[in-house]
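A quick write-up on the structure given underneath.
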Amino acid sequence: MVPEYSRFYNILGYNFKDYTLLIRALTHRSKTKKNYERLEFLGDSVLSFVIAEVLYKQFTDLAEGKLSQLRSKLVKGTTLAQLASSLKMDEYIILGASEQGGHKREKILEDVFEAVIGAIYLDSDFATVKKVILKWYQPIISSINLDTIKFKDSKSKLQEILLQNALSLPEYSIETIDGKDHEQQFTVVAVSKDLNLRVKAQGTSRKKAEQKTAEKMIEMLSQQGLHEKK
């Protein structure tokens with residue numbers, strides 16, 4: 001164990017075998033090309049899967065759309081930044097001169113949180129990183145009360161995100177209708193001219209296909225840093 005990180009290891013609840021992975025996860029691109037961005041990409045996927053799995057198992061009667069919305073609440077930037085701060089990650093972030101003072105910035109905290117997850121995964125295995133993530137999230141997950149959560153359908157949520165960012169609403173159109181009358185499959189396309197996005201999805205009705213298309217577009221917007229503002 002590297003002495004200066006022993007306290008941090010205790011806070012994280014994980015001891016790195018290869019501490020250089022942790023260093024990389026804490027290093028902002030303003031410092032060096034060997035930064036956390038690739039680990040952040042990996043950690044984002046690992047976190048999303050772990051949270052999706054625990055919600056699927058815990059809320060057995062919750063429909064797909066609501067599970068997706070609940071997951072979004074748990075992995076949104078504000079939540080990740082708060083968790084990063086509670087784990088004292090801000091005290092260990094390595095920044096270049098141009099970013100000094102950025103330790104408390106929400107976007108940097110969010111990115112580092114995901115990068116540390118990616119680093120733990122590479123340093124161990126999926127079972128281990130899952131255990132660590134669930135320990136960090138335990139207070140949040142145990143306090144979920146579905147009766148107090150306001151769920152929105154995906155089209156409404158997408159509309160709100162776009163309007164909050166002064167963007168025009170998408171245009172939905174049916175591309176194809178396949179199958180017999182009693183088992184039709186609708187393919188719907190949604191186009192956002194402002195963002196130059198074109199997304200398609202299928203469903204057993206036009207309404208379901210449009211909702212799935214909206215879900216896909218929300219995910220794409222999230223990757224670009226556009227989230228619903230609270």
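Every residue number used here counts from 1 along the chain in the order it is shown.
Heads up, the Cβ atoms here are built off N, Cα and C, so glycines get one too.
What Swiss-Prot annotates here:
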DOMAIN    5-125  domain 'RNase III'
BINDING   GLU40, ASP111, GLU114  Mg(2+) binding site
ACT_SITE  ASP44  active site
ACT_SITE  GLU114  active site
DOMAIN    153-223  domain 'DRBM'
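Classification of ASP44 (active site) by DSSP places it within a helix. A gap of 9 Å separates the Cα atoms of ASP111 (Mg(2+) binding site) and ASP44 (active site). Note: the domain 'DRBM' (153-223) comprises 32 helix, 23 strand, 16 coil (DSSP; helix = H, G, I, strand = E, B). Under a cutoff of 8 A between CB atoms, and with a sequence separation of 6+ in the same chain, the neighbours of GLU40 (Mg(2+) binding site) are ASP111, VAL112, GLU114, ALA115, GLY118. Of all the recorded positions listed (ASP44, ASP111, GLU114), ASP44 has the fewest other CB atoms within 10 A of its CB.
Using DSSP to sort the residues of the domain 'RNase III' (5-125) gives these counts of helix, strand and coil: 87 helix, 2 strand, 32 coil. The Mg(2+) site is defined by GLU40, ASP111, GLU114, and by the 8 Å test on Cβ atoms against their centroid, the other residues of the chain that qualify are TYR36, GLU37, LEU39, PHE41, GLY43, ASP44, GLU110, VAL112, PHE113, ALA115, GLY118.
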